[in-house]
Amino acid sequence: MPEQLKQRVETCYQQAEAFFKRRFPRPEVSFKLRGQKAGVAHLHENLLRFNLQLYRENQEDFLRQTVAHEVAHLVAHQLFGDRIQAHGEEWQLIMRGVYELPPNRCHNYDVQRRAVTRYIYRCPCPQSDFPFTAQRHKLVHQGRRYLCKRCREVLVYSGETRVE
């Protein structure tokens with residue numbers, strides 16, 4: 001499946017080379033991107049990173065729009081240098097002129113949020129649940145103390161967790 005994506009990167013570069021009548025160095029392509037971003041262009045490393053999960057779930061649009069979007073960042077950087085805005089007129093020129101695509105800044109793919117465990121802390125106040133992140137819960141275990149803003153008592157772990 002990533003072979004189609006790599007082929008689309010190559011096609012985008014060939015289009016840019018035909019349009020600008022010059023060669024561009026090919027980037028390294030990585031699929032080590034997670035979370036909400038569909039793709040990232042690392043300008044100084046000449047590296048493209050893509051979110052394989054979002055690619056699998058939105059293959060057609062991803063190949064057409066997202067790959068061209070990220071390649072356009074590298075091409076714009078190689079043509080115009082560091083002093084351009086990420087989604088500025090130079091990048092937009094490449095999206096419209098070279099790839100004949102709308103210069104959309106963001107994707108609208110459904111992104112699965114990961115489940116997060118919250119650790120419930122309490123104080124003597126009524127209805128005083130304080131959901132702590134795993135990081136804050138760990139800090140409490142290391143000796144950090146948190147106080148209730150109302151009663152100024154130390155918050156105590158209730159032994160309960162909640163998945164959000």
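Placement of Cβ uses the backbone N, Cα and C atoms for every residue, glycine included.
What Swiss-Prot says about this protein:
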ACT_SITE  Glu70  active site
BINDING   His69, His73  Zn(2+) binding site
DOMAIN    13-156  domain 'SprT-like'
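Recorded features from Swiss-Prot, shown on the structure.
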residue : record              : contacts (Cβ under 8 Å, 6+ apart)
His69   : Zn(2+) binding site : Gly39, Met95, Leu101, Asn104
Glu70   : active site         : Gly39, Val40, Ala41, Leu48, Phe50
His73   : Zn(2+) binding site : Ala41, Leu43, Ala86, Trp91
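Model confidence over the domain 'SprT-like' (13-156) is summarised by a mean pLDDT of 95.
A helical conformation is recorded for His73 (Zn(2+) binding site) in the three-state DSSP classification.
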